[in-house]
């Protein structure tokens, strides 16, 4: 963990807001612009990262230095760890009580050999359950940058994110900012973005709570197709508005470390 420059949790108070999509695409984007990245999936009961990254058939193995991540590329710029890699069948449910989940999360934090990387993005399940307490407590031992909170524009999602803000404050976990996901719909034919839900909810919440608003991510059918098929969206659609949104998020980050990280291609 001490060899990882930036450690970021991705949280949401509600399921279905696209948190795993944000986590995976943020990791892919950072890798795309030259950083070395790790993506840790701690959603033990509903791991979706392996499918999104096209790694469903892969297995993880242990070395003398710990678990070795599954890499998406030969240059090993993006490594992934998920409970899915440890299950013999992707349809096998994880029926564990809290203590066993907590033990697994501790191993994910302490026993993975990420090597020297620039970013570790940690995708979490929705809510504020045992998993969140465990991963936050373990991560706070290693000076994390903080959490990115994901919401959709609707009031019901924003209400749940307020609880997530209270959770972060109670745990003394810094909040990097809020991302408003599903903010508008990108036409796959003309690329025009149209609001189909209410808008600005995430931005208003950020202003109310004095939290940085990182930006909006629209619904993009092409992104959805790539995630379903495990295809790298950025190589398929290099001029997309989604890529521009992710660049804006990264530009808006306030990193905890005083050392500036420089991407290398």
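Glycine is treated like the rest: Cβ placed from N, Cα and C.
The ATP binding site feature in Swiss-Prot is assigned to 13, 14, 15, 16, 17, 18, 19, 20; the stated evidence is sequence analysis. Sequence-distant contacts of residue 15 (ATP binding site), defined as residues of its own chain at least six apart whose C-beta falls under 8 angstroms from its C-beta, comprise 125, 126, 127.
In the shown protein chains, 11 other C-beta atoms lie within 10 A of the C-beta of residue 187 ([4Fe-4S] cluster binding site). Taken from Swiss-Prot, the feature [4Fe-4S] cluster binding site applies to 187, 190.
Of the listed binding-site residues, namely 14, 19, the sparsest Cβ surroundings within 10 Å are found at 14. Here the binding-site residues are 18, 190, and the one with the most other Cβ atoms within 10 Å of its Cβ is 18. Note on residue 17 (ATP binding site): other Cβ atoms within 10 Å of its Cβ, all shown chains, come to 23.
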